[in-house]
Structures are given as structure tokens and as C-alpha cells.
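J.: Have a look at the structure that comes next, please.
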Amino acid sequence: MGLGAAGPLNGSGAAAWGSCFGAFNGSAGLNETGPRAIASPWFSTAFGLIGLCSNLFALCVLRSSSRQLSSRARSSFLVFLCGLVVTDFMGLLVTASVIIPYHFTKFDWAAVDAGCHLCNFLGFSMVFFGQCPLLLGATMAGERFVGINRPFSRSSSVSRRRAWAIVGAVWAFCCLLGLLPVLGLGRYTLQFPGSWCFLTLLPDAGDAAFCLLFALLGVGSVLLSFACNTVSVVTLCRVCHGRDAAQRRRDSEVEMMVQLVGIMIIATICWMPLLIFIIQTVLQQLRAPARPAALPAETQQLLLIYIRMVTWNQILDPWVYILFRRAVLRRVYPSVRARPSIASLYPALNPALRRKLTQE
């Protein structure tokens, strides 16, 4: 998502309530030691470069793997993975292209972006590239749930074209979500320490509604992924450890589930603290007798820390695929060998349908 770090805001006197500078007060008594420790420009630059290189490497590996596949189910799964990696790469690239130059130029936001266009663009990017991986993870979990638990309903697997259409639909939905503040629901405002913009955690009705929508949608995506992946893993464990386990196991299905579980664990660890923090902060602000015009200093610092955690999601996602491929696992665990399809769970299938399910 974003790197969210820099020095204090210049021109804080231009911050007026109702503008994109309303939620952050550069003179709110934030100590200078904390920002320097967690907002070093060199740290943020290295952070961004590592993430970009990781995602580029994963894209190269995905492209190489997709050329060697004959399984349609595995091919569609790689399309979803590719969409996830592209989203993470573009999220780091777009946000870093605004945040990192600020580190070294310390431009005056109020002078450079008096109309809040740059802030709105950065806030849109943070929401779009933040929500996309969560929804894509839920989509991948749902697709694997159907593929493993309802194999008969997938006599023809999702084609690459349809998989890309689903990825495009997720992108379109997240784009619409990110445009809501521009259309009037909520606002994007500059955040501590003055280098990035995000949704506004203030008790205004529009701001609160947009924050809760964003957070609840993210929590729902994580919970859906958890539910689908749990059922799928239980099914695979039953297949692999039941009678005739050696004849029922299919490495590609296990590999996809290992990767999905890894993606889900990373998303849960990186995202849930921020999403819960947003919900708690908004509800506390709504219940408060006096509604502040700017976020408290402690809330601003906590928001930055949680955004830092979210950024790790974009860096670690590609390594889940890079490290948990069969080619790598076989070197670490040589006993892993190719096995027949999960379709062998159903010996009564006619030979033609069994061959079709096995190929997919």
C-alpha cells in the first residue's frame, strides 16, 4: 500500500477545517524523536525498493510457470496470483512515487497541492491498492473452495479469460470504493507525519461511514478467506490421510492451498490491527461528547505504525509464491512426489469424466 513516512508538514498554517489538511496538525505537540525513528527517508526508500524487486521477481517466476502448465485449474489460480502481484507492485510504485520525493524535497503540501488533487490521488491509491489484495485473497479462497469441495460443479474449470475478468471486476469495485470520497462520501486528508493521505478518522457522518465501510469490507474479506480456506484444508487433510491416501493426493492442489493459507496468514497479521483500529477509533469518536477537529497526536502515530504493518503485506505476498512452489519444496522435502487427482475420491465416476477432472 503505502510507505507513509516523512518529516513534519510545512505550511501548517494553511490547514483549514474541511480541506484535506484538516485532520493533521503539524504543531500538535508530536515529538521529533518518534517521527525520525519510524519515518526515516532511507528506511522508507529501502522498504519500497525491496517490495518492488520482490514483486518483479515473483512476476518473472509466474510467467515462467504459466508457460509450463497444462492444468486449467492451476492456470486460473496463477492468473489470480498474477493479479495479486501486479496489484502489490503497482501499489508500491504509485505511492512511493509521491511519498519518497517528499522525503528529499520536503515540499510544502499547502502550496503544491492547494486544491487537494494530489492528496485525493494518494488517498485513492492507498484505499484501492489496500482493498484489492484482501478481495483478491477472498476470491482465490472461494475459487479453491469450489474446486476442492464441489468438483462436480466445475466440470469445466475457470478459463484464463474468465479469471482475468474476475480480477478486472475486483479492480473495478475497488476503484469505485476509492472514488467515493471524490463523489462526496468521506474525505481524504493528510496524515502524520505529513507525507501521505488516507481516509479521515473523524466523527463527521460521511467520514465515519466511509471508514466503517472500508474497514468492515476488509474484515469481511479476511473472515471469508479464513472460512473457505479452513474448509478446503480440512477436505484436503481428509483426502491425504484417509484410506488409500497415496492414491488420492494431488500435489498441485496441496501447493495451491499452502500458498493461499500463507497469503491469508500474512493478510490477517498485517491488516487486522489497522482495520480493528479504524473501527474502534471511529466508534470512540462518535461516542465522544466533544467532536475534535483534528486527530489526537497518539492516534496519528498509531495510524502510521499500523500502515507500516500493512506495507509488509505487499512485500511478503510475492515470497509466499516464490518459496512455496513444488520446485522449491521438493528440494527441501524430497519425499514430495506427484500424486493423482482429488477426483480419485470418487471411484464411481465414469472414466471420461475422471480423465477430464484429472486433467483440470
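One is the number of the first residue shown, and numbering goes on along the chain from there.
Each residue, glycine too, has its Cβ placed from N, Cα and C.
Where the annotation comes from TrEMBL, it is an automatic prediction and has not been curated.
Not my notes, these are from TrEMBL:
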- 42-65: transmembrane segment (TRANSMEM)
- 54-321: domain 'G-protein coupled receptors family 1 profile' (DOMAIN)
- 77-102: transmembrane segment (TRANSMEM)
- 122-142: transmembrane segment (TRANSMEM)
- 163-186: transmembrane segment (TRANSMEM)
- 206-239: transmembrane segment (TRANSMEM)
- 260-283: transmembrane segment (TRANSMEM)
- 303-324: transmembrane segment (TRANSMEM)
J.: Which sequence-distant residues neighbour the transmembrane segment (77-102)? Criterion: at least 6 residues beyond either end, Cβ under 8 Å.
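T.: Same-chain residues near the transmembrane segment (77-102) but 6 or more away: 1-6, 41, 44-45, 48, 51-52, 55-56, 58-59, 62, 65-66, 69, 118, 121-122, 125-126, 128-130, 132-133, 136-137, 139-140, 143-144, 160, 163-164, 166-167, 170-171, 195-196, 256, 259, 263, 311, 313-314, 317-318, 321.
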J.: Counting only residues 6+ away from its ends, which parts of the chain sit with a Cβ under 8 Å from the transmembrane segment (260-283)?
T.: 84, 133-134, 137, 140-141, 144, 199, 201, 203, 207-208, 211-212, 214-216, 218-219, 222, 225-226, 229, 232-233, 299, 302-303, 306-307, 309-313, 316-317, 320, 324
J.: Against which stretches of its own chain does the transmembrane segment (303-324) lie, if we need a Cβ under 8 Å and a gap of at least six residues from its ends?
T.: 1-5, 38-39, 47, 50-51, 54-55, 57-59, 61-62, 81, 84-85, 88, 91-92, 129-130, 133, 191-193, 196, 198, 201, 255, 258-259, 262-263, 266-267, 269-271, 273-274, 277, 295
J.: So which residues does the transmembrane segment (42-65) touch in its own chain, when a touch means Cβ under 8 Å and the partner is 6 or more beyond its ends?
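T.: Those are 3-6, 78, 81-82, 85-86, 88-89, 92-93, 96, 99-100, 103, 311, 314-315, 317-319, 321-322, 325, in sequence order.
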J.: Looking at the domain 'G-protein coupled receptors family 1 profile' (54-321) alone, can you tell me the average pLDDT?
T.: 86
